[in-house]
Amino acid sequence: MAMVCLSDFEAYAKKYLPKIAWDFFAAGADDCSTRDENILAYKRIRFRPRILRDVSVMDIRTKLLGAEISFPVGIAPTGFHQLAWPDGEKSTARAAKAMNICYIASTYSTCTLEEISTAAPGSLQWFQLYIHRNRAVSQQLVQRAEALGFQGLVLTADLPYTGKRRDDVRNGFRLPPHMKLKNLEGAFEVCKMSPSFHSLLDPSVTWNDIYWLRSLTHLPIIIKGILTKEDAELAVRHGVQGIIVSNHGGRQLDGGPATIDALVEVVEAVQGRVEVYLDGGIRKGSDVLKALALGAKCVFIGRPALWGLAYKGEEGLQDVLRILQDEFRLSMALAGCASVSEIGRHLVEFSKL
Ligand code: FNR
């Protein structure tokens, strides 16, 4: 099967993954309106392409908190990569390194942070944290990640409780017995996804906990899950270094905005004081271009990375990234931009559709 675009990988994953794994990856909350809106919203944005602008030499590199990446796409944190491929997050880390992009490893990885960092030494890796009721668990994870050389700490802030994902409830989703949440082993007796699993997370977390995190680590803190100008302002005031506009791929509160729509007010509120990134619904190179035009410094992909892994592990994920990279470069050229610095708000408009 010729893999030409990201939806080819989606079709492959749907066909070949066990149903329970596919359903877990695909799930959105409730009737999935926000999950689907993340994708649909891109169709309402139109380019205002410029012509005759010498696009013979293209520069698609950019920087993420000072670190150079080969193009403005990274891998969003998602749990349980071994559900997609036996080597799990080690394959993800290797693919990200090969493509010279940033990989955000999830607290819920099925490989240890040590395995992830050793699989891709010297690459750009951030660690994603959920704050647990037992703060010592989170503290230990943060300090472990910093000691291992992870270069950023991503605090996911939109999951005080887990959204209601109907298919997971119907399937009674649990991790297969041979897979473990390896970073939490020893911290407490949780090796399976169970109904009580997420109740280990602390729903009482507030903005003050950013100061607590700050006291634990020198790493830059990036907050994930912001959708409003009010929270963007609070994030800046609490001293974070970056914001990821995200609705958790539509898996949390159903009925919220598409992330590409929320991006506009967040960027306006932040006024360049910190870097703003986005995830959710990125499926084409032109989506990346639209997000950058609206002010994102970089975007991250969640499900498409899992489809790539399901296709052929590290190689399959590289295929996904290469396709996205090629499509992004082509879209830029066709819109009249030869370098990322030429991308700006002038490049897009919202259609009335
Ligand atoms: C996620 N997401 C997520 N986020 C996070 O901070 N920690 C996590 O462990 C997970 N786990 C997870 C598992 C699966 C299967 C999915 C689909 C998503 C959310 C993720 O980081 C990201 O916000 C979305 O996946 C982005 O949307 P797309 O690219 O999947 O449309």
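Glycine too: its Cβ is placed from the backbone N, Cα and C atoms.
Quick look at what TrEMBL lists:
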ACT_SITE  His248  active site, proton acceptor
BINDING   77-79, Ser106, Gln128, Tyr130, Thr156, Lys224, Ser246, 279-283, 302-303  FMN binding site
BINDING   Arg165, His248, Arg251  glyoxylate binding site
DOMAIN    1-353  domain 'FMN hydroxy acid dehydrogenase'
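A map of TrEMBL features onto the structure.
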| residue | record | Cβ contacts under 8 Å, 6 or more apart |
| --- | --- | --- |
| Pro77 | FMN binding site | Ile104, Ala105, Ser106, Thr107, Gln128, Val154, Thr156, Lys224 |
| Gly79 | FMN binding site | Ser106, Thr107, Tyr108, Ser109, Thr110, Leu181 |
| Arg165 | glyoxylate binding site | Phe24, Ala27, Gly28, Ala29, Arg251 |
| Ser246 | FMN binding site | Ala76, Asp158, Lys224, Gly225, Ile226, Leu227, Thr259, Leu278, Asp279, Gly280 |
| His248 | active site, proton acceptor | Thr156, Asp158, Leu159, Gly163, Gly225 |
| Ile282 | FMN binding site | Val73, Val288, Ala291, Val299, Phe300, Ile301, Pro304, Leu324 |
| Gly302 | FMN binding site | Ala76, Thr78, Gly249, Asp279, Gly280 |
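For the binding-site residues Gln128, Thr156, Arg251, Gly280, the greatest number of Cβ atoms within 10 Å around a candidate Cβ is found at Gly280. The glyoxylate site in the record is lined by Arg165, His248, Arg251, and its two most distant CA atoms lie 12 Å apart. DSSP assigns Thr156 (FMN binding site) to a strand in the three-state reduction. Under the three-state DSSP scheme, His248 (active site, proton acceptor) falls in the helix class.
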